[in-house]
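S.K.: Okay, here's the structure, questions in a sec.
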Amino acid sequence: MAVSYASCRTYAVVFVVLGVVLRGTLAEICSDATNVCHNYDSVSNDKLQSQVQKELQASYMYQSYSYFFGRSDIALPGISKFFARESLEERSHADNLIEYINKRGGRIAFKDIKICKLISGNVTATKLKHGLLAFQDALALEKIVSQSLEGIIAEDDFQLNHFIENEYLDEQVDTIKILGDYVRQLEMFSDDQYTLGQYIFDKNLLKSLKHGKDKEDMTKQY
Ligand SMILES: [Fe+2]
């Protein structure tokens, strides 16, 4: 469907007006002495809101992977369980951010959760090396999430910086290391050995997850 220049301009005006209204709302909240809002601006609020979206998107993506690897024609329960756990973890990251926005007196508008384009279509039943593809995608996604978190750091909001650095950045480094290790371990199997290698990898992963080992121990096991 062709979209005219005039209609594009109308949409642009609507978005600008909407942005001004939303920013105005936050400014009003922060200027209200009875509100908890202190040294917290609309730029930080927008970045945190966008991060909530990314965490929920990652959770949704990992949930779809968990389902995929749990299918009887794929049957890799270790990888399925791993992504199920990661999905819940990403959801908890989003919850934590939402709680923080409330603590700072900010506002959040919930939007549709779209499937991540980076991953969509990459891992399918018709492709071999499902596990390797999934971990490669997850690694790429976590790097994007890390970059986004680093972008939240504000020049003069020390509390926000402390929150992001302490509760998010360290964990991102650990997650990226683990995913990178998994990618490398699966890459080591040649094409004719890959299916057996992935089966053994999956069994070991399931075992360590069942024993409730934390991520650090899981990395050390291999
Ligand atoms: Fe996360």
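Cβ atoms are placed via backbone N, Cα and C, with glycine included.
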S.K.: To which of Gln172, Gln185, Gln193 does TrEMBL also attribute binding of Fe cation 1 at the site defined by Glu55, Glu90, His93?
M.R.: Gln172
S.K.: Return only the integer: C-alpha distance in Å from His93 (Fe cation 1 binding site) to Glu142 (Fe cation 2 binding site).
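M.R.: Given the Cα positions, His93 (Fe cation 1 binding site) is 13 Å from Glu142 (Fe cation 2 binding site).
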S.K.: What is the set of residues, excluding Glu55, Glu90, His93, Gln172, whose C-beta falls within 8 angstroms of the centroid of the C-beta atoms at the Fe cation 1 site?
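M.R.: Counting only non-site residues, the set is Lys54, Ala58, Ser59, Glu89, Ser92, Ala94, Val145, Tyr168, Glu171.
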S.K.: Check His93 (Fe cation 1 binding site) against DSSP and tell me helix, strand or coil, would you?
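M.R.: Note: His93 (Fe cation 1 binding site) is helical by DSSP.
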